[in-house]
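I have placed the structure first, in the form of structure tokens, so that the comments after it can refer back to it.
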Amino acid sequence: MASISAASATATASTKLAYPYSPSSSSSSSNTAAVFPSNSSKLILSSSFTPTPSTLFLHSPTTTPSTTHPRRFTVRAARGKFERKKPHVNIGTIGHVDHGKTTLTAALTMALASMGNSAPKKYDEIDAAPEERARGITINTATVEYETENRHYAHVDCPGHADYVKNMITGAAQMDGAILVVSGADGPMPQTKEHILLAKQVGVPNMVVFLNKQDQVDDEELLELVELEVRELLSSYEFPGDEIPIISGSALLALEALMANPSIKRGENQWVDKIYQLMDNVDEYIPIPQRQTELPFLMAIEDVFSITGRGTVATGRVERGTVKVGEIVDIVGLKDTRNTTVTGVEMFQKILDEAMAGDNVGLLLRGIQKIDIQRGMVLAKPGTITPHTKFEALVYVLKKEEGGRHSPFFAGYRPQFYMRTTDVTGKVTVIMSDKGEESKMVMPGDRVNMVVELIMPVACEQGMRFAIREGGKTVGAGVIQKILE
């Protein structure tokens, strides 16, 4: 239990920067000075839910950096209503560490800003957490927004480092499509494969590939070989490798050109044109998802903030249905189910009358204390989902070559089960083969049915997917076949 709460505390801390909803300084205990040392980084946040900006001291969840640099981030209050003029798509960058995911994200916002379709974000604004500064790698999941001529995008810059695959699972679960970034100079690497596998597991339906660092590859044939290797790799994970668009370019040279001249138009710089070409392909290849707006409302909670005098804000992606101000919702999972009224809805610092499936929003909840609600719970239309601790699932256990276990496991095995934004320890009580015969042992590479008992109740339902993790790596993926308790 202690390890779970510690893990969720770390996860909560790690997502703070991605959301523009204000926590209140008074929500921490009165001995703030004792809890947060003076060298903690400081975050100034404000939103339309609160009249004055509040200050939050962010303390790094890891102790690796020997020093932390105090920095201020100011998030402006809501600037009016969010207008639904274009279809909305959730997208994200995935791929190996240092292949250029965050650089590409910055180049995308700068290029589309030059067309008047987004607010430009510099590299350090996206890559903005103490751990990232200390190790030069992206750890947190940052969300930016931009528009093409036809669509509005919410873009998640997914972490690439293997230690932070947990965030990747949460981030990838939010994607309608992905941009896989592969260095043309290095080709596919271990985390490239792990991210493609994770994308398959959590149901990312489509992806477009950006072969980065083209300027570092002298031989055109080498680039073609890397492209061929990427297509074969995608096909091996059951993506349509032969059809997926692959665009080569240099995110860094495009970003440098845009920093030097932010008003560059199409046709004026070959590297910036590659960025436009990438987004043309994303527009064409990644379909607008069919939103599940007709189904009952459900949103998995990713983060929680408290605002004195107003209530508590829960942030996350609306999985299905719609929710309006004034509607009653159930809070389900981990603790006893209770209900509350939604008193405010916000997306990207703008007020919404109604949130619908696919939106990343913050919901202000009446009469709920911050201690009553946590990451991993879900908000849902009353009576439409219930918490469970026991289910039967169809599970694929990864082979050693896929990064899975090297040895078999038996009934009584206790890994972590990742469902939506929840990670809960569970016990495998019964193992059955595909033919329905009880089995004693599961080998890496097996597809089996198993009965799982969770140590805490989680809002789950038939057809829901999950990942199985052990010792910092994914060892299996499954789908719930039947709820038992």
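Cβ atoms are placed via backbone N, Cα and C, with glycine included.
Note on Swiss-Prot: of 212-215, 240-243, 336-339, the range annotated with the feature region 'G4' is 212-215.
Annotated by Swiss-Prot as region 'G1', the relevant range among 95-102, 263-270, 383-390 is 95-102.
The average pLDDT computed for the region 'G3' (157-160) is 57. The DSSP secondary structure for K101 (GTP binding site) is helix. Taking the Cβ of Q214 (GTP binding site) as centre and 10 Å as the limit, one finds 21 other Cβ atoms among all the protein chains shown. Look at Q214 (GTP binding site): DSSP puts it in a helix.
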